[in-house]
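K.L.:
So TrEMBL lists the following for this protein:
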COMPBIAS  575-584  compositional bias 'Basic and acidic residues'
COMPBIAS  585-595  compositional bias 'Basic residues'
DOMAIN    160-344  domain 'DH'
DOMAIN    376-488  domain 'PH'
DOMAIN    499-560  domain 'SH3'
REGION    93-130  region 'Disordered'
REGION    575-595  region 'Disordered'
Amino acid sequence: MVSECDCTLIGMGRGVTQILKESQSATDSVPISEECPDPEEYSSLNPDALQTIYPLQADSWKALIEHIELLYQEYRDKSTLQEIETRRQQDAYVHTEHQLDSQNNEEIPTKEAPLNTQENRPPPPLNRLQSSGSNFNLWQDLPEIRNSGVLDILQPEEIKLQEAMFELVTSEASYYKSLSLMVSLFVENENLKSALNQSEAHFLFSNILEVLVTSERFLLDLEQRIEENIVISDVCDIIYQHAVSHFGVYITYVCNQTYQERTYRNLLQEKAVFREVISELELNPKCKGLPFSSFLILPFQRITRLKLLVQNILTKVPERSERENTALQAHRELEKVVRACNEGVRKMSRTEQLISIEKTLEFKIKSVPIISHSRWLLKQGELQQMSGPKTSRTLRTKKLFRTVYLFLFNDLLLMCKQLASDRYQVFESAARGLLRVEELEDQGQALANVFILRLLENVDEREVTYMLKATSQSEMKRWMTSLAPNRRTKFVSLTSRLLDCPQMQCVHSYVAQEPDELSLELADILNVLDKTDDGWIFGERLHDQERGWFPSSVGEEILNPEIRTQNLKECFRVHKSEDGSQNKDRRKLGSRTRQ
């Protein structure tokens, strides 16, 4: 049974142009201000020099778009790798500078001492696209920009903002190119069509044609904005419009992910003709060696990346300006779309998981209904329960411990005895909000990795205490963090609003293997909340405040305290609308009139 969020299958015979025409009437559903743009919006521009700025010819822009050679998969990887490398350079520069300052403080300064030009050079700016030989295009490198003299007029802050907006546009063009290739090479391939029945085609491609139309419509509006003036006035008003009116197609596509992955896996295993066709199509030079699966995940990657690109713009617009207000609202709408995508995927997988768990349980105590729309599994696994008198003699015997199996949900704990054939007998339960944990320290080897779990009220309305032993320090801390999420961690959390905290950036992507782990993308920035001696870190990702465990090997520590402070300040600014600004009167979005 397919849920409502999967929607109906788009007829594979309908073309992109037809779908675009059918939905054209929805384009203007969001009201736009008819007022002309205020020159004051160009806060860093000399008003006397505004006349030197002229429209970018459509031919020039179309030529630029046509010469974008990178598919979005390549564009995204190169962009994030460049972002990581730039942060490394900034971090290494300031760290070296601090070392030099420390050394200089040990010496007696003299007035005749010459300035060290290397030491006083400013750190490299964070520019995602600046990379020789990367096939990226910078706004400031456009011939029209160089020849206009506008770079001599704009302040550095405005140039950085222009680059951030320009990156969003060019990356959308690269994304549209990849989507178009997916449709023309895979979706519309006659051999692949004949290998799939209607249901398989639906689960595999869902509403990808609608996603393609949405990207085309979005890119056309972005193109029109750039053609108006070589100095981009704004793009976030356009993003807001499309997020409200059109980006719902992303939710439909991403919610189908569970069925898509299952269908793709089954087809590879059971249909030889499907495997042969896909393998042949992947060898097409247009694919540039990229697998078919990388095209299937394009929409989810793009909608999450789009939110990050808007965050990048938001950190560069003047504070308390109209452009900041527009960026905040665009970010808020994108956040709604991304959250709906995540919740849609999680809802399907969580329900299936609850059904599977319930089939394995039998209750020795009063039974508890497991399946609930508001419940999901946080962690499960074995621990050793300490039993009997805690004397020095019994501590040396293995009879002190017995194996227990825990199922921890977001609102419920079940403690079980494992039976044969993967079945479990529940002997204890309690609400998660009534759990408390305490670590035992300096108790010797016998009590290493042992913690106390206190049930303030169990199913029999009694307070009960258990001593549980984990196999490692990381397992113990992960259980303690999951059982009592509000316990104080070793380091400060984002919500404390302190302007320094241990931080890491992700340099190797990581896919969560357990429910309490956090999947990471390249260039993610995280606050370090806790860490273990055996290589695990409990972190909080800055751009969405998601928490979880991950191996320390996938990240690099950010040593520069100035960069850490800047990261936190930018995060606070991006999310300040969630702290009460949504209660203020909203100004109307948009500074352009659509003709």
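Don't overthink the numbers, they just go from 1 along the chain as shown.
Glycine is no exception: its Cβ is also placed from the backbone N, Cα and C atoms.
Situate these features within the shown structure.
P.N.:
Mapped onto DSSP helix, strand and coil, the domain 'PH' (376-488) counts 23 helix, 52 strand, 38 coil.
Confidence annotation: the domain 'SH3' (499-560) carries a mean pLDDT of 92 in the model.
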K.L.:
DSSP on the domain 'SH3' (499-560): how many residues come out helix, how many strand, how many coil?
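P.N.:
Summed over the domain 'SH3' (499-560), the classes give 3 helix, 28 strand, 31 coil.
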